[in-house]
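K.L.:
Quick one: structure below, then a few questions.
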Amino acid sequence: MKLTKRNPILVLVNDFVIDSPLPTNLTYFWNFGSLLGVNLVILIISGLTLAMHYTPNTLLAFSSVEHIMRDVNNGWLLRYIHANGASFFFIWVYLHIGRNLYYGSYRSPRGLLWSIGVVIFILMMATAFIGYVLPWGQMSFWGATVITNLLSAIPWIGTDFVLFVWGGFSVDNATLNRFFSLHYLLPFILAALVVMHLLALHQDGSNNPEGISSSSDRLRFHPYFTSKDLVGFVWMAILLSIFVFFAPYYLGHPDNSIPANPLVTPHSIVPEWYFLPFYAILRAIPSKLGGVIAMFGALLILFPLALIHTNNVRSNRYRPLLNLLFWIFVFNFFVLLWVGAKPIAQPYILIGQISTIIYFLYFVILMILGCIMTYIYTKSNCFFIYFFLYFGCSIL
């Protein structure tokens, strides 16, 4: 008997990496999960090494980052890999989510798998935000001030909660220490959630481009899909190397190369590029509380997708209307990303408000179209059709 069949630990590795059965028609769009796993390992290793030389003190944080860049052997390489690796991590995540939205991978029986993935997405956004504060540059300080101030919109306890997060009356040394501790801890929680994500995937099985069950037409993960994943790893290494060695600051903000100064406000306060779509949604609502609700709602609306999607057909490739709707949603997401980087002025405010409406309207139309198509295919009634008809007539 093979060693991989006898050792309890190697049995798990064998079940997940070698003998795991996967549908034969998986495309390169199913590479993003493995890319994310490798990227997370790179981020954790580079982050742990950087933490050995970083000083979480407002007077020394910026200087310690410069010390890493100038004095630590290959410190510049570690920092560039960590910073640009975080950007690539979000690129793979957005592509991963987009593929799941297109092919309906959130549908039963993968509801738990999808929910764990959304939790990972929200937690990694929190991890990235507090990590962006650590260099203690100008944009780090003011970004932390603006974003943490959003918590004051919570009724009754908002102001006290902000002071609790700050550890004082402003973003200062206590805040930086708290953020450093959390940024050190959260990646390991992320890794634990990733393991849960893999367990759920192993339990429910992977989706495929057809969106139908393929239990009888499967191949082993190794060597058929490991070779496919290796191609993705090579491309990721090439793309990441281009940014690390030739354009390390391209995805960052130049103001963060200036030490934090509480007395000088930057001309425009913007977060990292991967937060911009949700930052645009936040700014689109004039009310502070309304903006916070809309921003978090844009993330939390991903949880009930399995309930919103009422069509019996899982994949969008066989539904022309939903296919068109999906690509409108993708284009609108890029519009939100573009608007989020622009100053708060017209016409960007109006464009952001329209794009925000389109963002949420996608999920409403997804539900209505699903009901209509289900009725056409099966002649069965849908509760949501009656609900929206009643709601629309009530408004009129």
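Just so you know, glycine gets a Cβ as well, placed from its N, Cα and C.
Straight out of Swiss-Prot:
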- 32-52: transmembrane segment (TRANSMEM)
- 76-98: transmembrane segment (TRANSMEM)
- H82, H183: heme b b562 binding site (BINDING)
- H96, H197: heme b b566 binding site (BINDING)
- 113-133: transmembrane segment (TRANSMEM)
- 179-199: transmembrane segment (TRANSMEM)
- H202: ubiquinone binding site (BINDING)
- 225-245: transmembrane segment (TRANSMEM)
- 289-309: transmembrane segment (TRANSMEM)
- 321-341: transmembrane segment (TRANSMEM)
- 348-368: transmembrane segment (TRANSMEM)
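Could you give the neighbours, burial and distances for every feature on this list?
P.N.:
Outside the transmembrane segment (32-52) by six or more residues, the chain places 68, 75, 78-79, 81-82, 85-86, 88-89, 92-93, 95-96, 99, 131, 180, 183-184, 187-188, 190-191, 194, 201, 229, 232-233, 236 with a CB less than 8 A from a CB of the stretch.
Through the fold, the transmembrane segment (76-98) approaches residues 29, 32-33, 35-36, 39-40, 42-43, 46-47, 49-50, 65, 68-70, 117, 121, 124, 128, 131, 236, 239-240, 243-245, 248, 251-252, 272-274, 302, 330 of its own chain, all at least 6 residues removed from its boundaries and within a Cβ separation under 8 Å.
For H183 (heme b b562 binding site), the same-chain residues lying six or more positions away in sequence with a CB closer than 8 A to its CB are G47, T127, I130, G131, L134.
Long-range C-beta contacts of H96 (heme b b566 binding site), restricted to its own chain and to partners at least six residues apart, with a cutoff below 8 Å, comprise F32, G33, L36, G117. For the recorded site, H96 (heme b b566 binding site), the DSSP three-state label reads helix.
Sequence-remote contacts of a segment are chain residues at least 6 beyond its ends whose Cβ falls under 8 Å from one of its Cβ atoms, and for the transmembrane segment (179-199) they are 16, 37, 40, 43-44, 47, 51, 54, 56, 113, 116-117, 119-120, 123-124, 126-127, 130-131, 133-134, 144.
Of all Cβ atoms in the shown protein chains, 14 besides its own fall within 10 Å of the Cβ of H202 (ubiquinone binding site).
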K.L.:
If one measures from the C-alpha of H202 (ubiquinone binding site) to the C-alpha of H82 (heme b b562 binding site), what distance in angstrom results, rounded to a whole number?
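P.N.:
H202 (ubiquinone binding site) and H82 (heme b b562 binding site) have their Cα atoms 30 Å apart.
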K.L.:
Indicate the candidate from H82, H197 with the smallest number of other Cβ atoms within 10 Å of its Cβ, considering only these binding-site residues.
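P.N.:
Among the binding-site residues H82, H197, the lowest count of other Cβ atoms within 10 Å belongs to H82.
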K.L.:
Can you tell me how far the Cα of H82 (heme b b562 binding site) sits from the Cα of H197 (heme b b566 binding site), in Å?
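P.N.:
Checking the Cα atoms of H82 (heme b b562 binding site) and H197 (heme b b566 binding site) gives a distance of 23 Å.
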K.L.:
Looking only at residues six or more beyond either end of the transmembrane segment (348-368), which have a C-beta under 8 A from one in the stretch?
P.N.:
280-281, 283-285, 294, 297-298, 301, 305, 308-310, 322, 325, 328-329, 332-333, 335-336, 339-340, 342, 384-385, 388
